[in-house]
Every structure is written in structure tokens, then in C-alpha cells.
Ligand code: S5P
């Protein structure tokens with residue numbers, strides 16, 4: 001590992017991180033003792049929200065592909081993105097839309113902030129495929145800065161005219177408001193309670209008319225019990241990950257390409273949080289980037305931990321958390337089918353969380 005940062009704790013790194021959302025994420029990791037991201041690759045809103053609600057306690061990031069969801073509700077106030085944002089607040093995780101933008105600057109700006117999904121409104125983090133060149137990163141950074149400025153203005157307006165407080169939420173099948181909070185139960189019992197939650201298809205579609213954008217202008221106190229203990233709401237800043245290395249067999253991302261990604265990231269430290277990569281790309285003393293790493297699985301419980309992991313037969317290659325976090329210095333593992341195809345996804349998520357956390361502890365020597 002080329003940079004001593006890989007030996008630092010997440011809390012130490014949070015203190016030095018330049019990007020407000022990176023600093024928040026690193027602190028969240030320390031609070032939840034989780035360096036796990038769930039890749040929620042399912043096909044309906046109900047499945048997505050159910051996963052977010054049951055696995056939320058084990059993760060710090062929930063990764064979406066909104067275009068996999070057949071019935072994604074685009075309504076900005078109470079659609080799928082807004083509902084997800086509410087669950088993100090309740091369980092304290094960030095939302096990462098894995099959009100892999102890859103077009104000219106003007107188009108990616110419009111895709112990010114306009115169009116159907118209005119990704120920037122509900123997703124704290126997104127990512128870019130840098131094939132079109134650095135201009136795509138520049139353009140996304142510019143769009144995020146303008147969005148942030150507009151939000152600042154909207155917040156002011158809201159406060160001046162007086163914003164109604166959120167009403168209590170209602171649900172016909174799973175009332176997320178009566179779910180005990182981590183504060184009431186303690187973190188471990190809270191996770192166990194979520195894991196035990198019945199896995200029937202849940203209709204959270206009727207949860208509320210009062211969902212907020214991902215970062216509400218309202219204060220932490222006003223949400224009271226809806227927020228997570230030990231950490232405040234995330235900052236309003238949005239973040240970008242650059243797709244610098246891929247997990248898929250035979251991909252075309254050469255060293256030169258990866259180096260260009262790092263160069264671009266250094267030019268936008270106030271927007272680029274880090275990379276999707278297979279190894280830490282922090283090489284200079286000042287680098288504070290976060291690396292999030294897909295292509296992660298654990299061998300089944302009854303199989304020897306050193307057994308070679310099979311790919312998925314469609315190009316995907318897998319490594320264990322031990323290798324990805326412990327040896328390659330990555331920060332967060334991204335796991336999809338390893339968790340969601342398990343007989344008990346919430347319990348499996350805990351198995352992954354513990355394995356990735358132990359790999360980190362071993363790495364920093366604690
Ligand atoms: O190199 C990559 C980059 C990404 S973002 N390899 C990947 O697999 N991904 C994404 O991670 C992919 O789109 C999918 O959503 C997830 C991996 O899913 P799994 O089911 O193989 O764990």
C-alpha cells in the first residue's frame with residue numbers, strides 16, 4: 001500500500017478529509033462500525049425499499065441503479081427517491097446512484113439534474129465513467145455547485161416563509177415510525193431486530209405524502225427520533241466517484257487511464273470523494289480519497305475461507321473483503337448478489353459487515 005493513509009483509522013481520516021461528505025461518511029463508518037455498501041440491484045420499488053429498511057442498519061451506503069426498477073416513481077416529493085431518502089435518514093446511510101455517466105459535459109449535466117429521475121435531488125453520491133475525458137467531471141462538478149447554491153437559496157426562502165413541520169408518517173403494512181430506534185435498543189440489538197423483521201413484500205409505497213429531499217433544510221432536532229444517534233444529518237454537498245478500475249474480466253481500464261482519473265480527482269477535491277477501484281489510489285501524501293470496491297463476495301459459510309471464489313459467468317470477478325480491504329487498502333466493499341440472493345439477506349449483510357470490519361481492523365493494526 002503506497003500511502004500511509006491506509007494505516008489510519010476512519011476517524012483520523014475524517015478529521016483530515018477535505019470533502020464535507022467524505023468527512024461525514026468516514027465518521028459514519030466509525031459510528032456504525034460498518035464499511036459495507038449494499039448494491040440493491042432489484043427490480044421493484046417495494047423490494048428496494050424493503051432492502052433499505054431491513055439492511056439499512058448494517059450499511060453506510062446503499063447503491064442503486066434506478067433504471068433497474070420497473071415501477072420507479074419519479075415524483076420528486078413522494079416518489080421512490082424521496083422514500084429512499086427518508087429511510088437513509090432513519091438508518092443513517094448515504095445513497096449512491098451508480099449512474100456511470102459517460103457523455104459530453106452538457107448531456108451529463110442534464111442527466112444529473114433534469115430529466116425523469118433528477119438524481120441529484122435524492123442521491124448523495126453518483127459516479128462517472130471518464131471515457132469522454134475530464135470535461136465530464138468538470139461539468140458534473142459545475143452542476144453540483146449550482147445545485148448547492150440553489151438549495152442554499154431555497155433553504156433561506158423556506159425559513160423566511162416558515163416551513164411546516166413534517167407530519168407523522170403512515171403505512172398500511174410496515175410502520176417504519178414504530179420500528180424501535182437504535183437509541184432505544186443499542187446498535188447490536190437494533191441490527192438484530194431489523195434482521196428479524198419479517199421479509200414479506202412490504203408496501204412502503206403508502207408510507208407518506210411528506211417525504212423530504214435527501215438533505216432536508218430542517219434541522220436535526222426537528223426530526224428527533226427519525227435521525228440516527230451519534231451522528232448528525234449529512235451535509236448538503238454532493239459527491240462524485242470516478243470509475244477508475246473495474247472488477248469485470250478483460251476491462252479496458254489501463255494504468256494510464258486510472259492515473260488520468262486520479263489527476264482529475266485532484267483537480268476537484270471539493271466534489272470528487274474518490275473512486276470505484278480495486279485498490280486504494282491514494283499515492284501522494286495529501287491524497288484523501290475514498291475507494292469503494294465492487295466484485296466482493298465471501299465464500300459460503302461452510303466453505304474454507306481460502307477457497308477460490310467463482311465469478312458470475314458474465315464477466316464479474318470476486319474477491320473477499322479480507323483481500324480488498326485488508327490487502328488492497330480499499331475503504332468500502334460493495335456487495336450485491338452475495339447479500340440479496342441469500343436466504344436471509346439481513347443476516348448475510350451482518351456477516352459481510354463483520355468480515356469487512358475485521359479486515360480493516362487488521363489492516364490498521366488495532
Ligand atoms: O467495476 C465495477 C463497477 C461497479 S459500480 N464492477 C461492478 O460490479 N460494479 C457494480 O457493482 C455493478 O453494476 C453491480 O451493481 C455491483 C456488483 O454486484 P454483485 O451482485 O456482483 O455484487
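Using the three backbone atoms N, Cα and C, a Cβ is placed for every residue, glycine included.
Automatic, uncurated: that is what TrEMBL annotation is.
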Message: Suppose a student reads TrEMBL and sees 41, 63, 316, 336, 337 listed for substrate. Which of 123, 247 should they find annotated at that same site?
response: 247
Message: I'm validating the feature mapping. Which of 139-161, 162-184, 185-207 is tagged region 'Disordered' in TrEMBL?
response: 162-184
Statement: Rounding to whole Å, the Cα atoms of residue 336 (substrate binding site) and residue 103 (active site, for OMPdecase activity) are apart by 26
- request: Identify all same-chain residues not among 41, 63, 247, 316, 336, 337 whose C-beta atom falls within 8 angstroms of the centroid of the substrate site's C-beta atoms; report them in sequence order.
  value: 39, 294, 295, 334, 335
Task: Can you check which residues sit near residue 316 (substrate binding site), meaning Cβ under 8 Å from its Cβ, same chain, 6 or more apart in sequence, and list them in order?
output: 247, 248, 249, 295
- request: List only the single closest residue to residue 337 (substrate binding site), chosen from the active-site residues 98, 100, 103 by CA-CA distance.
  value: 98
- prompt: How long is the line from the C-alpha of residue 98 (active site, for OMPdecase activity) to the C-alpha of residue 41 (substrate binding site), rounded to the nearest angstrom?
  reply: 10
Query: Max Cα-Cα distance in Å among 41, 63, 247, 316, 336, 337, the residues listed as binding substrate?
result: 17
- request: With an 8 Å cut-off on Cβ-Cβ distance and a minimum sequence separation of at least 6, pull the same-chain contacts of residue 103 (active site, for OMPdecase activity), or say none.
  value: 111, 132, 136
